[in-house]
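This report concerns only the one structure given below.
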Amino acid sequence: MKYDLIIIGSGSVGAAAGYYATRAGLNVLMTDAHMPPHQHGSHHGDTRLIRHAYGEGEKYVPLVLRAQTLWDELSRHNEDDPIFVRSGVINLGPADSAFLANVAHSAEQWQLNVEKLDAQGIMARWPEIRVPDNYIGLFETDSGFLRSELAIKTWIQLAKEAGCAQLFNCPVTAIRHDDDGVTIETVDGEYQAKKAIVCAGTWVKDLLPELPVQPVRKVFAWYQADGRYSVKNKFPAFTGELPNGDQYYGFPAENDALKIGKHNGGQVIHSADERVPFAEVVSDGSEAFPFLRNVLPGIGCCLYGAACTYDNSPDEDFIIDTLPGHDNTLLITGLSGHGFKFASVLGEIAADFAQDKKSDFDLTPFRLSRFQ
């Protein structure tokens, strides 16, 4: 059988692509080296932020707004356990923060619902938070967080119900291109398609070693908290920048545990076995202490944590482009630790590519040619 589309990597973007392409009537094969959702990539740990006034650059705002529409649609499949939780997101940092300046600019350009608070206003609204006098907060009322593993599980189930073929626990070992399309090699045999999407995450270079993607080991952890830090008490998800530039992110507490991670830093790795479990690097359990001591002093000890990986591009912007020399193969990689919120729209973009539809978005900033 020759498929219309083969998806290599069915984590966040791949799961979405499988669903949207199958829903569009294509004959699709989803593949993954493991059984998604799983613990081997970048999507585990239950939750991911979604921010609209994007501090990483205005070019992302049209994408994230479409992503939000698609997340809302997906959430309707799980109304008893919603995939998107509109908790709000408070972005904290020094008044001269470049990141917060980008957030404010994005909000102004796209007329987003963002409220600016000074230090006293932040602490009055959320007494659990402590910030210096020179800090500001930009509160995104309509943002929140996503249930990452639930989202992937839902997409995969919906795709399967729509007739999508799924080949999991089966690594793709090679990709070949010829006049007839794309062939993938797996331990289970060879499969052909007219087009392919490569969204293999951290280890995409195992298949395409020429790509400028660097795996980085990262950790996040859950710390002892109480009901003051919960959604029920209107405690928001958050990003926070320390005076030294370190960037943190976190979520409202659930079951008396608050999840937090550090966005920058981490350990450069070159193989999967170098991504050692949480606590095998001495700094893992204490990485968030500088932020917690200064900004959330009421949070208690580290309860447990997990390791994941970022697939970093050189400039930490996404790579969305066809494979050089092969216009029938789309790459979506280099998501650099801020990609999950876009998984829905990136999956839709992949499905459009498979249907020979022109994208509704300007993807020029994400081309590989910027690294030449």
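Backbone N, Cα and C atoms are what each Cβ position is placed from, and that goes for glycine too.
What Swiss-Prot says about this one:
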- 4-34: FAD binding site (BINDING)
- C308: S-8alpha-FAD cysteine (MOD_RES)
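Everything Swiss-Prot records as a feature, shown here on the structure.
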residue: D4; record: FAD binding site; Cβ neighbours (10 Å): 18
residue: I8; record: FAD binding site; Cβ neighbours (10 Å): 27
residue: S12; record: FAD binding site; Cβ neighbours (10 Å): 32
residue: A16; record: FAD binding site; Cβ neighbours (10 Å): 31
residue: Y20; record: FAD binding site; Cβ neighbours (10 Å): 26
residue: A24; record: FAD binding site; Cβ neighbours (10 Å): 17
residue: V28; record: FAD binding site; Cβ neighbours (10 Å): 28
residue: D32; record: FAD binding site; Cβ neighbours (10 Å): 28
residue: C308; record: S-8alpha-FAD cysteine; Cβ neighbours (10 Å): 22
Among D4, A16, Y20, V28, D32, these being the binding-site residues, pick the one whose CA is nearest to that of the residue listed as 'S-8alpha-FAD cysteine'.
-> D32
Provide the three-state secondary structure of A16 (FAD binding site) computed with DSSP.
-> helix
Check I8 (FAD binding site) against DSSP and tell me helix, strand or coil, would you?
-> strand
